[in-house]
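Reviewing the structure listed below.
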Amino acid sequence: MLSFQYPDVYRDETSVQEYHGHKICDPYSWLEDPDSEQTKAFVEAQNKITVPFLEQCPIRGLYKERMTELYDYPKYSCHFKKGKRYFYFYNTGLQNQRVLYVQDSLEGEARVFLDPNTLSDDGTVALRGYAFSEDGEYFAYGLSASGSDWVTIKFMKVDGAKELPDVLERVKFTCMAWTHDGKGMFYNSYPQQDGKSDGTETSTNLHQKLCYHVLGTDQSEDILCAEFPDEPKWMGGAELSDDGRYVLLSIWEGCDPVNRLWYCDLQQEPNGITGILKWVKLIDNFEGEYDYVTNEGTVFTFKTNRNSPNYRLINIDFTDPDESKWKVLVPEHEKDVLEWVACVRSNFLVLCYLHDVKNILQLHDLTTGALLKTFPLDVGSVVGYSGRKKDSEIFYQFTSFLSPGVIYHCDLTKEELEPMVFREVTVKGIDAADYQTIQIFYPSKDGTKIPMFIVHKKGIKLDGSHPAFLYGYGGFNISITPNYSVSRLIFVRHMGGVLAVANIRGGGEYGETWHKGGILANKQNCFDDFQCAAEYLIKEGYTSPKRLTINGGSNGGLLVAACANQRPDLFGCVIAQVGVMDMLKFHKFTIGHAWTTDYGCSDTKQHFEWLLKYSPLHNVKLPEADDIQYPSMLLLTADHDDRVVPLHSLKFIATLQYIVGRSRKQSNPLLIHVDTKAGHGAGKPTAKVIEEVSDMFAFIARCLNIEWIQ
């Protein structure tokens with residue numbers, strides 16, 4: 001007796017592709033066309049089962065009500081100074097998009113400068129990137145619709161917040177860098193393409209160009225400053241040096257933390273910017289990352305991982321740039337990772353380190369590199385910073401699993417450099433004193449110690465009875481640091497849950513070594529690390545397999561899907577958000593080609609063999625043992641996700657329902673929800689965020705029989 005009547009879905013058994021002598025069947029390749037009537041009918045049929053299932057979850061209403069109540073707290077960014085004014089972002093609580101405010105002084109009256117909520121009825125137009133001119137008098141800002149990566153750039157005169165007529169289109173993954181004369185701005189665009197470009201298409205993004213837009217002119221007159229016709233995957237972002245004299249061009253080939261660095265001395269362009277710039281190729285290989293910090297004349301300070309996987313600061317003199325002449329300003333730390341650096345008050349450097357997944361903030365001397373001060377911080381993450389070379393003050397924002405945020409302000413002109421609390425936010429209804437956060441280090445399959453944070457109510461019995469929510473990512477050198485999540489705290493508070501975040505390999509938690517330990521031929525380490533996290537939680541009595549949910553998004557969606565295939569017995573519930581599921585074809589759609597630096601590419605025989613072993617789409621099989629079924633699975637994606645296109649999740653759910661869902665022993669649901677007017681996640685309006693987490697936690701509660709605790 002089938003527990004679920006899944007839709008009858010056509011299988012094209014003739015759809016076969018050959019890879020290096022292997023014939024791979026791809027019966028749902030027709031779902032790769034997002035515009036076909038068949039695909040639309042498939043999505044509609046899936047949503048028709050999923051939406052009622054989610055709406056009938058007994059706690060969905062309670063969860064959504066509580067989420068709406070607790071998420072309604074003020075959310076601030078750090079203040080930042082532009083020209084003679086201060087700006088900051090602020091959301092009163094439940095506004096769909098945060099609003100940009102301006103003040104003439106820190107004590108002055110705050111006025112709305114840009115409110116994205118006025119740009120759509122449903123909050124689906126979001127601010128994506130912005131840049132002020134050097135004098136703070138002009139403002140460029142990017143808008144994206146429905147969660148797409150495509151951006152339209154518009155301009156304003158800051159005085160009186162006056163709209164200007166300039167509009168830039170065909171923009172994606174862009175820099176925004178004004179020349180210091182305020183005449184114009186560098187940005188990136190893509191060539192015209194056939195068909196639509198609204199975020200629902202899947203066509204590949206190649207041949208990005210660097211252009212210069214002169215304020216007050218039409219985009220058709222913009223000046224092409226750099227292009228790479230022989231290297232279609234290259235992407236080059238520009239920035240201006242602090243003194244405005246040099247344009248620095250960072251060229252990236254994929255997602256690896258390595259870039260070429262070219263520069264142009266604008267004093268060598270006597271007629272201004274009129275065409276391809278006279279680029280000097282300072283670094284012309286992909287052997288390290290070079291992140292500009294500041295310069296004193298021709299001596300440039302960079303943060304680099306060249307021969308230093310945890311990063312260090314070096315000085316390169318542009319007049320004598322040979323690598324043998326580079327000077328170390330701040331050496332690499334043996335264990336801690338240097339995450340970012342900023343120059344402030346002309347001669348100070350602010351350095352942010354990651355020490356066992358917790359941030360450390362320091363002040364150093366620009367001339368000698370010497371440590372001057374370590375700023376006091378609780379255990380958690382620095383999530384905001386402002387302060388540039390010409391500023392004499394800094395703001396920084398701290399958060400943790402149990403603290404929504406404190407913003408500190410430090411006046412660097414004072415003798416005593418004491419940061420003061422500038423703003424502190426509390427959330428009514430969740431008392432941090434009732435909960436505890438611990439960090440443990442558990443052994444993975446190969447013995448490597450992996451850090452994991454665990455958050456739970458104080459005083460719980462470790463008897464294996466608690467529902468647990470385990471989150472992971474594990475890729476692209478991205479570190480998953482403590483963050484404040486109301487939706488997860490509701491799970492802890494009202495569902496009696498344990499929250500766990502595993503800092504598995506592939507991330508940047510311990511520098512480039514940690515990243516390389518979870519990519520390419522080592523990708524299986526990510527899955528092993530995550531499965532060992534689950535086993536640790538079970539062994540220590542936090543939870544049991546039937547009470548354990550795993551969750552991840554994007555590369556983390558791949559993670560949880562691969563783990564469900566490899567160890568269906570270990571988890572009770574899996575929620576995969578916008579996951580990469582077809583590892584043989586991902587590089588063919590939108591920006592997927594950039595991820596080959598982490599995954600490899602099936603066009604190469606050796607890579608194909610790695611990918612085929614774990615690709616979620618190609619490893620779905622009915623468990624052999626009678627008493628093992630797949631966990632309850634909910635896939636989430638959206639029609640305007642042009643980062644990880646929805647076809648990944650569509651093909652995966654069709655495969656799951658066909659191979660597993662038709663079996664008598666599979667009583668757990670295998671469902672997908674496809675949202676509309678939404679994308680990969682950036683800029684998602686609050687209303688949609690609340691609906692999404694209500695769906696997720698209602699699904700968990702229904703599938704794992706979790707009662708709501710008032």
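Cβ atoms are placed via backbone N, Cα and C, with glycine included.
Listed in Swiss-Prot:
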MOD_RES   Met1  N-acetylmethionine
MOD_RES   Lys157  N6-acetyllysine
ACT_SITE  Ser554  active site, charge relay system
ACT_SITE  Asp641  active site, charge relay system
ACT_SITE  His680  active site, charge relay system
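For Ser554 (active site, charge relay system), the nearest of the recorded positions Lys157, Asp641, His680 in terms of C-alpha separation is His680.
Across the fold, the C-alpha of Asp641 (active site, charge relay system) and the C-alpha of His680 (active site, charge relay system) stand 5 Å from each other. Annotation for the recorded positions Lys157, His680: lowest Cβ count within 10 Å of the residue's own Cβ, Lys157. Note: the CA-CA distance between the residue listed as 'N6-acetyllysine' and His680 (active site, charge relay system) rounds to 31 Å. When secondary structure is read from DSSP and collapsed to three states, Asp641 (active site, charge relay system) falls in the coil class. Packing around Asp641 (active site, charge relay system) is summarised by its Cβ count: 29 other Cβ atoms lie within 10 angstroms of its Cβ, all protein chains included.
Secondary structure at His680 (active site, charge relay system), as computed by DSSP, is coil. All chains included, 22 other C-beta atoms sit within 10 angstroms of the C-beta of Ser554 (active site, charge relay system).
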